[in-house]
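K.L.:
Below is a structure I'd like to ask you about.
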């Protein structure tokens, strides 16, 4: 599997976002990871569609790997495609995929995984129909078993959160990355992405677990030389 480094622009200098993004790509980054948060699914607000559109226009060759930490992902699929998102990753825990009236940001023991997975596959079909790659994400406490085989087989990318989503700079959760072992055994050609706490000291563990896409924020944008930072990450794969 190709090893992909995806600099997370959540850690970039927003006053110089285009320049920072271009530098990260020119100095060894493969994708740009774009976090979209609605302040409900996670307790933070972040980049919106004008930013995605601006990045797409200024860096048309960039692969914009968009991660939607939002309550109702279906609402944003068409908008994301028009803005220039290359991939659309959403959370299986999103309340908008579940029974009416559900507000919790985790999957309860009494919920129907069959219904949730059917909703996920419906969204995946819409995402792909608009020309984007479709990704599905799970939080650290959500087991991989929450995703049915039929759903895993339908997606292009599985995103394993290795921190609680919402903020950068958190400590890497080793046990969350270890879910990649089973996913890689079941789907050897699936892109498996890890996001949270990825640094030179943790990327090797994630790779050994089976991940091949690595989201790195402060470990790239927090350094003076992005090229050296990215080379250090790759040297530990």
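Positions of Cβ are set from backbone N, Cα and C atoms, glycine also.
If you look up TrEMBL, you'll see 35 marked as active site, proton acceptor. Annotated active site, proton donor per TrEMBL: 195, in sequence order. Annotation comment: TrEMBL describes 8, 67, 166, 167, 168, 169, 197, 217, 218 as substrate binding site. As annotated by TrEMBL, divalent metal cation binding site applies to 33, 35, 67, 195.
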K.L.:
Looking at the recorded positions 33, 35, 67, 195, whose Cα is closest in space to that of residue 166 (substrate binding site)?
P.N.:
35
K.L.:
C-alpha of residue 33 (divalent metal cation binding site) to C-alpha of residue 195 (active site, proton donor): distance in Å?
P.N.:
10
K.L.:
Reported as an integer number of Å, what is the Cα distance between residue 8 (substrate binding site) and residue 67 (divalent metal cation binding site)?
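P.N.:
Residue 8 (substrate binding site) to residue 67 (divalent metal cation binding site), Cα-Cα distance: 10 Å.
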K.L.:
Which one is it: of the binding-site residues 8, 218, which Cβ has the fewest other Cβ atoms within 10 Å in this structure?
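P.N.:
Candidates: the binding-site residues 8, 218. Fewest Cβ atoms within 10 Å: 218.
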K.L.:
Of the recorded positions 35, 197, 218, which sits closest to residue 67 (divalent metal cation binding site) by Cα distance?
P.N.:
35
K.L.:
I want to verify one value. Collapsing DSSP to three states, which class is residue 67 (divalent metal cation binding site)?
P.N.:
strand
K.L.:
For a quick check of packing: other C-beta atoms within 10 Å of the C-beta of residue 195 (active site, proton donor), how many?
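P.N.:
For residue 195 (active site, proton donor), the count of other Cβ atoms within 10 Å is 28.
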K.L.:
Would you list the other residues of this chain near divalent metal cation - those whose C-beta lies within 8 angstroms of the C-beta centroid of 33, 35, 67, 195 - in sequence order?
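P.N.:
Here the nearby residues are 6, 8, 10, 34, 65, 66, 89, 159, 215.
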